[in-house]
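According to Swiss-Prot, the FAD binding site annotation covers 16-45, 288-298.
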Amino acid sequence: MSTYPINAPGQSADAAVLIVGGGPTGLIAANELLRRGVSCRMIDRLPVAHQTSKSCTIHARSMEMMEHIGIAARYIETGVRSNGFTFNFENTDANALLDFSVLPGRYPFITIYNQNETERVLRHDLEATYSFQPEWGTQLLALNQDENGIRADLRLKDGTKQTISPRWVIGADGVRSRVRECLGIAYEGEDYEENVLQMMDVGIQDFEAGDDWIHYFIGQDKFVFVTKLPGSNYRVIISDLGGANKSNLEETREAFQGYLSSFDDHATLDEPRWATKWRVWKRMATAYRKGNVFLAGDAAHCHSPSGGSGMNVGMQDAFNLGWKIAMVERGEAKPDLLDTYHTERTPVAQQLLEGTHAMHEIIMGHGKGLTDRIELTQAPGWHDAATYRVSGMSYNYRDQLVSFNDDRLAGPSAGDRIPDAELAPRIRLFDLVRNTRPTLLVAPATEAEVAEAEKLRDLIREQWPLVKPVLVRPQGSEESIEGDVHVDSYGQLKREWGDNAKGWAALLRPDNYIHARAGLDRGDLLVQAIDAMLVRCA
């Protein structure tokens, strides 16, 4: 995996980028900047990192991101693998599943991993690779920007004040974002007034539903969520309608036991490790960018926890933004590229809010009866649509990149997720695009088109040497010893990318999306797409 040299300590006072917030969104942003040689500094007002967390699901699209970064195996080795969700409605056999085995790729499941542990893995990777650490107990007091740049006033852990002038700021500081407040950006939406969620990590004896699925137990006026966590504990969440609103842990355990027993009269809760409660919001920032300051994660959007997508979408915000800031900062990409962060990610957040609200109404539509909620889970197409949305695999940027798509081609379009394909033993497409820079994938359909494919590859390599070329010859071709030439040995590239009679090429982004795709006879479309993104070689 190619990386740039690091020219400055990650947390130097004169770092190019200030990241406010030390959670998963901020940590992914730091990774994307540092691996491209852009210095950054991360601050968080908390005195230490979180030791507990509410989020515990890493979905398929995020696992592909973790693979791209190089740390997916750590989550697989120590996480709990869940097949998906069960919806168990009270007093009926009309139950439903969201079975994640239908998903494409290497991660057709949910990885259960506490957010605080997810953060720990990311922090350790940043420290080991870049000697980078968040600055805990450091608070953003004020943030201003004008024609002279950005001014950020900080209070350090020892109480002293410091003023810095980063060129960029990423606000990943949660639902009560100080960055968003300083920018004067509205956070519009509503609260789910009827829903206070209460959560507990606790051992369970004789839990009959099993550990291979995440379980929703749904009654007309209540619900219980249960999933196995790494180690011996389970995560249990209930809707709080007053009965579980207790002040001490033992009373809380008794209330949880009562809720769980109404669905499973054999399961018994042990002494809880910890418990918490929170109110559910549905809100979204009216803008993700103001000048050189950006919002990401919960600072930009929050929603019902139904489906467990929140942490995942926040990390994907950072994965979309980090490489763009880095390439603009380095003079490799045009500044207009940064406008695409808002235009690409706000529709995703809107879909997220709508999708989580729909699932929220099934799980926590208290007082609305079960019949309509059950019918929603039986509707044609509901299973696959919900599974792809919750996993993050359905989100795309087709509308934003439609002008860079050749609609004659079968298979994925510009704006879609990059489909993986095994090209040869121990060589997968994902291995070839694990770069800090864009990749040009050129795929002639026949040996007769190889010369034309090489001509397009060489043209783009000459004008944009930053782009990594990968040429994949059709199945049956002789193996090549060239480093950037491969063979579709098993025909998987053809199956995953469409059975096209003519060859094609695609510009693949560092965040695992297709930026442009066109037939070999439309090389001008590829040139136009690259020219819109990158600075030409002088």
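In case you wondered, yes, glycine gets a Cβ from its N, Cα and C as well.
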* Looking at the binding-site residues Ile28, Leu34, which one has the fewest other Cβ atoms within 10 Å of its own Cβ? -> Leu34
* Work through the binding-site residues one by one (Tyr288, Phe294) and point out the residue whose CB has the fewest other CB atoms within 10 angstroms. => Tyr288
* To do: Ten-angstrom check, please: count other Cβ atoms within 10 Å of the Cβ of Gly22 (FAD binding site), all chains counted.
  => 27
* Which site among Ala16, Cys40 has the most other CB atoms no more than 10 Å from its CB, taking these as binding-site residues? -> Cys40
